[in-house]
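Note sheet for the following structure.
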Amino acid sequence: MSGLRTLLGLGLLVAGSRLPRIASRQSVCRAGPIWWGTQHRSSETMASAAVKYLSQEEAQAVDEELFNEYQFSVDQLMELAGLSCATAIAKAYPPTSMSKSPPTVLVICGPGNNGGDGLVCARHLKLFGYQPTIYYPKRPNKPLFTGLVTQCQKMDIPFLGEMPPEPMMVDELYELVVDAIFGFSFKGDVREPFHSILSVLSGLTVPIASIDIPSGWDVEKGNPSGIQPDLLISLTAPKKSATQFTGRYHYLGGRFVPPALEKKYQLNLPAYPDTECVYRLQ
């Protein structure tokens, strides 16, 4: 145990104590949560019934057109998506509402583009006043991803050598966990080390923010026995599994869909207010 604490570089855990994750606040109309109380919703919130929820095949088709027909690059969309995720997190969990200063966030990144979104998200969270830590166990040997890692390292964002093995340890060290493991293109069984990671996440009491879909969920059917995030950030358009989401905050991010593409797929995206890059659906 002491070796892992030294590895994390975060000092000794205080046994038997559990600080509240969200500081109590006066009744204020803002987008951030009151963890054990009531909340006023932001004026940007609207009913999400009109927004189209995509199947896995539809989501892949939209992505392919963005890359091929509209000539977006992977790193371009990744930057926009990661910024949207950090923005949604800052709206749901403002730094001033958290009990630690700066608020500690664990960002868990998978081996694909969803993990890249997580790396970008972590970088922007650092700029927004949070203290992110990244766990990135399976790193692709590609310039795009190595560049994102370097950017985070240059901003003094630490990378864990191993995942804390118990939910209680994560609860003590971090106030929020960002799930950037698997996106909508994932298929098949969840293998190690991610099976063990998801098992730890299932036992957390701190909130989880999932990027695009909760990792381990079927893209269309969801997974009631899997992790249950408090915040879901749908990118481009929500996926069908989002209809099974029961958390408090559902944001749409990625304000980059060309109007003609939106019309072709009848996405019925909401009108983002002013210059916002995210929109609260729930």
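Backbone N, Cα and C define each Cβ position, glycine as well.
Site annotation (Swiss-Prot): K(+) is bound by Asn114, Asp179, and the candidate from Ser84, Ser202, Ser215 recorded at this site is Ser215.
Going through Asp156, Asp212 against Swiss-Prot, the one listed in the (6S)-NADPHX site together with Asn113, Asn114, Gly115, Gly116, Asp117, Gly183, Phe184, Ser185, Phe186, Lys187, Gly188, Asp189 turns out to be Asp212. Sequence-distant neighbours of Asn113 ((6S)-NADPHX binding site) (same chain, six or more apart, CB under 8 Å from its CB) are Val74, Met78, Gly183, Ser185, listed in sequence order. Neighbour list (Asp117 ((6S)-NADPHX binding site), Cβ cut-off 8 Å, at least 6 residues apart, same chain): Met78, Ala81, Gly82, Cys85, Ala180, Gly183, Ile211, Asp212, Leu235. The two recorded residues Phe184 ((6S)-NADPHX binding site) and Asn114 (K(+) binding site) have their Cα atoms spaced 9 Å from each other. Under a cutoff of 8 A between CB atoms, and with a sequence separation of 6+ in the same chain, the neighbours of Gly115 ((6S)-NADPHX binding site) are Cys109, Tyr136, Phe145, Ala180, Ile181. Between the CA atoms of Gly188 ((6S)-NADPHX binding site) and Ser215 (K(+) binding site) there is a gap of 12 Å. Residue with the densest Cβ environment among the binding-site residues Phe184, Phe186, Asp212, Ser215: Asp212, by other Cβ atoms within 10 Å.
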